[in-house]
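Student: This is the structure I want to talk about, given as structure tokens.
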Number of protein chains: 2
Amino acid sequence: MAKITKRSPLAPDEFPKLPMIAGVSFAAAQAGVRYGGRTDVMLALLAPGTAMAGVFTRSATRSANVLDCQAKIGTPAEAGAAIVVNSGNSNAFTGRAGDESVAAICAAVARTTGVPETRVFTSSTGVIGERLPHDRIIAKLEELEAGLSEDAIEAAAHAIMTTDTFPKGAAASFSRDGKTVSIAGIAKGSGMIAPDMATMLVYVFTDAKIVQPDLQAMLSELTGPTFNSITVDSDTSTSDTLLMAATGVSGVTIPAGDAEFRAALHSVMLDLAHQVVRDGEGATKFVEIRVTGAANDADARTHAMAIANSPLVKTAIAGEDPNWGRIVMAVGKSGAAADRDRLTIRFGDVLVAENGWVAPSYREEDAAALMKEPEIFISVDLGLGAGTATVWTCDLTHGYIEINADYRS
Amino acid sequence: MAKITKRSPLAPDEFPKLPMIAGVSFAAAQAGVRYGGRTDVMLALLAPGTAMAGVFTRSATRSANVLDCQAKIGTPAEAGAAIVVNSGNSNAFTGRAGDESVAAICAAVARTTGVPETRVFTSSTGVIGERLPHDRIIAKLEELEAGLSEDAIEAAAHAIMTTDTFPKGAAASFSRDGKTVSIAGIAKGSGMIAPDMATMLVYVFTDAKIVQPDLQAMLSELTGPTFNSITVDSDTSTSDTLLMAATGVSGVTIPAGDAEFRAALHSVMLDLAHQVVRDGEGATKFVEIRVTGAANDADARTHAMAIANSPLVKTAIAGEDPNWGRIVMAVGKSGAAADRDRLTIRFGDVLVAENGWVAPSYREEDAAALMKEPEIFISVDLGLGAGTATVWTCDLTHGYIEINADYRS
């Protein structure tokens, strides 16, 4: 089994200090689903009235947990809610047994916490195709319930890690009417437990009072420029899940589309998304790709993702090679509109190519110096219209091969 | 600069014995475009009446040579034709200078051979974004013209290599009306000269007599199940070119869609396509992916390509890991129709998964033994309809990273 212990060179120095969110309590435990000597299950209990919103993988082979969460998202909020997440086994592609595991966990959580089954949300991440030993999780529910604390979000962030090299958290807050509204979130992603694919799980909590449709609308909209604008290796998990809970305990009511709340939520989601990229398998470079001047925003995104997912671009960045020819290649193959002779390419502030050829002012040593930095900025202007998009990715290194070409057993 | 000298472990033992094609003669020379001590330019001269067909990259940033070839494909055949190919410099993304280089070479070839400029086809492969030193090619044209021989196709196959680890050739022939019709082709591909992308160039020759529209129709149709069904790393060159010449010198007229000719041409194209995969950068495994039971053929192809291009699938194969969970993931993310619980997956003859879960008969040691072979067969049945597709790829190894993450300078 692949064992990754080295903290990503792109990791933040430490886990951030996250505010407590009134109406949410957390606990973590060692259930021994697959790992030994570490926590691998977390419970979050949410106050009555909590609105739940969610965004899920569009994979046609998504896991039993994802299907169950999707079915429950719109259920009435009065009874509160619970979230249970385990690492070590994804319960994906486990047939009918997978559905049975989800049902068994939800029933047991309902018995232990008093939250109805229709308000219990589960995620599983880890090995796929092996039956989830859900009894091990159920056996820990009383311990989890007894240990619930408003100040345990960091423990929850640790329990959901697979081969993530650091726990991921982010927060934002603002004042309104003399009260403070807080948002805090945790995530795991881009770590790999052989033989699984990289799964991204994200849980965001706020004490704001927002009705479910408004919360869902904001969460769905903000997923586009955040979690759906990152890519490590273009592969999509069967378990990707983003859940958001608004407890309302702050007493501050947030109307639909509130700009201040939207900005705060955007910052938390973007921060977590960037941390997922910074923990990309084998990553040594954090790369921002900004496309402007495309025929429209959709075309800009197509170009940006073609660049971000190109193995040739990603290996060039790993080699600190300012290989702009590969950017031209990726734009050309993307399928979106482009005119070779209107392309402008920059690395950071260095103008690399324009008018269909290398810029007269370009000196390779300038670009080569930028490529040695841990953060790389690539901008491409198509010269065609007003479409823009920004995406983030990492490089493709020997580390990625090492993590993913290892034997599973 | 990356220097790859080791012959691919998947290479054939030797260059095949190719038949001479009446009406085509070849020559190769050392022009010193970029490389020293090897041939890097080839000339093929085609008899009057030769019909030319072509299929080209759809890249929006395609090279000046490609644009020029596309414009000339349908010109009248009476005057014959010439093909000039250089390696070492792709003349791609070189702005107006790129067009000037193509025009200069075509004019010089016309002067030397008597073939009109409108029938001179050029390809360039190698470094991109640097001006092609076309004078070095032009300076060799008289030597090339003097050295033309019907028996020099292998020399031509060598001259077009970049970091290919072996020259690629294939042939087929059949009898009709007491005469023999022959087809012979050469290709380069998936080799990399830093900092270029992998470019595939293919030249196929026959002595059959076919009118241009019929030749073009057959070539275009057969590109789908051959060259467009292989992938090394999902990146598409700005220079990909497939040219076919039918000299007619055999005197055998081939009508539109002739089944025997079609089968012979298919075998040559498929053989060359497979050789390109076998020389994939860093490849240690040749992988066939067959999808059946899809809603339609287009869906089958989408699934097959999603599997073939998945970095997680390709690294698992590199690690000889029968990681069928990653196949499920790739099918799920492809965007084409799939039902998790109807999927059937096989490695070779080993039934791995069915009915949404691992097969009861599955023993990992059986699949693990198959994964140690140099040729891997993966089949996926969707259980939805009659759509089928087969594609070929290679694994993703440290060798790929080594070749592509090297410094350009």
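Cβ from N, Cα, C; glycine included.
Copied straight from TrEMBL:
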type: BINDING; residues: A:Thr162, A:Lys188, A:Thr199, A:Glu281, A:Asn404, A:Ser409; note: substrate binding site
type: ACT_SITE; residues: A:Thr199; note: active site, nucleophile
Student: If we take A:Thr162, A:Lys188, A:Glu281 as the binding-site residues, which have a Cβ under 8 Å from chain B?
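Tutor: Qualifying residues, whose Cβ lies under 8 Å from chain B: none.
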Student: Using all protein chains in view, find how many other C-beta atoms are within 10 Å of the C-beta of A:Thr162 (substrate binding site).
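Tutor: Result for A:Thr162 (substrate binding site): 25 other Cβ atoms within 10 Å.
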Student: Would you mind checking how many other C-beta atoms are within 10 angstroms of the C-beta on A:Lys188 (substrate binding site)?
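Tutor: Taking every protein chain into account, the count is 29.
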Student: Let me know how many other Cβ atoms fall within 10 Å of the Cβ of A:Asn404 (substrate binding site).
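Tutor: Its Cβ shell of radius 10 Å holds 29 other Cβ atoms.
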